[in-house]
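Here Swiss-Prot flags 7-27, 46-66, 116-136, 145-165, 176-198, 203-220 as transmembrane segment.
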Amino acid sequence: MKQSTVFTLLLLLIGMAAYSFGWVQAVAEAAAQYVQMINNDAVRLGLLACTAALLMLPAFLYLHYVTQSVKNMTAAFQKLTQSHQSCCDFQQHNLCSRYAEDVKSLRDSYKNVRQTYVMAAVLCQVIIFGCMFEIVKAVPFRLHTPPAFSMGLAMLLILYLLFCMRTYLRQLFRHGSLFRKVFAGALAAAGIWWMLSFSISELLFLIILAAIQQIGSFIYKRFSYHSTASLDL
């Protein structure tokens, strides 16, 4: 079993144990008592969403770095392959010695992109989000809206999540097996049913958090684009 798989399973078991024994709920209720000192519900939700975004920022930045690194590595590998067209026969797997050295050098330049780090970043985001969501559930908000309004917000959030996952869904329906399609459909149906039961405070927390992350993603992409352009110059 790979080290990344063992690490992932260990973190999942720790998280499940903490949730099953009530440790997460106890911490959330203790934190909710401090949040209740703020009388304004809008300030409460904004503070909780900003706190969640700030705690998730290191993992958020690393995952963006990984995404950009994968794109750069793919482009660099294509250029490397084109530069060896004259000395290598890729169809017959007749490769020159310098090609292997260039590929190794390319991989070494992106050695910070590791599956273990990626899984740790994803799990870190999931754990932080789960804890902050439990705090939102533990805080008694005074927001009251018609059920139709809450349903509309839930549908808006569902459409946003589907839009964010459009690339994965497109690949799944084009190249995925029947089992993966059925499994993904069952998970999506369960997730949609679960989100439709959210309270207005939980929905607003998710929407504010998503807006903060989208703004952060836009700023990061603009900053990385200008940095890359300046390096090219």
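Positions of Cβ are set from backbone N, Cα and C atoms, glycine also.
What you are looking at is a predicted structure, and each value in this text was computed from that prediction instead of being measured.
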Recorded stretch that, among 7-27, 176-198, 203-220, has the most CB pairs under 8 Å to the transmembrane segment (46-66): 203-220
Within-chain partners of the transmembrane segment (116-136) [C-beta distance under 8 Å, separation at least 6 from its ends]: 3-4, 7-8, 11-12, 15, 19, 24-25, 27-28, 31-32, 35, 45, 48, 51-52, 55-56, 58-60, 62-63, 66, 201-202, 205
Contact set, same chain, for the transmembrane segment (203-220): CB under 8 Å, 6 or more residues outside the stretch: 45-46, 48-50, 52-53, 56-57, 60-61, 64, 132-133, 136, 143, 150, 153-154, 156-157, 160
